Amino acid sequence: MKTLLLTLVVVTIVCLDLGYTRICFNHQSSQPQTTKTCSPGESSCYNKQWSDFRGTIIERGCGCPTVKPGIKLSCCESEVCNN
């Protein structure tokens, strides 16, 4: 009986994924699409866009950073939502 109870507790912990972390895209506009598992506590993804002599640059990653004026920032809170 104790073995069954212990097994149920272990299965419950594994299924609940108590250490859940967010997954976000983390590639720049000119790079192949890649993802990153964010650090614990980072619950959002961002998409940051700006223009320079190379054209429009898009940067993606975990978190929701503070940006300078003239930089477009979008933050979201679901899996790989920052494409």
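Glycine residues also receive a Cβ, built from the backbone N, Cα and C atoms like all the rest.
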Disulphide partner cysteine [Swiss-Prot] for Cys45, chosen from Cys24, Cys64, Cys75:
Cys24
Per Swiss-Prot, cysteine bonded by disulfide to Cys62 (from Cys38, Cys81):
Cys38
According to Swiss-Prot, which candidate among Cys64, Cys81 shares a disulfide with Cys75?
Cys64
For Cys38 (disulfide bond), identify the closest of the recorded positions Cys24, Tyr46, Trp50, Lys68, Cys76, judging by Cα separation.
Cys24
Have a look at the recorded positions Gln31, Gly55, Lys68, Cys81 and say which one has the shortest Cα distance to Lys48 (site 'Key residue for binding to acetylcholine receptor').
Lys68
Out of Ser29, Ser30, Tyr46, Cys64, Lys68, point to the one nearest Cys81 (disulfide bond) in space (Cα versus Cα); all of them are recorded positions in the record.
Tyr46
Sort the recorded positions Phe53, Cys62, Cys76 by C-alpha distance from Ser30 (site 'Moderately important residue for binding to acetylcholine receptor') and give me just the closest.
Phe53
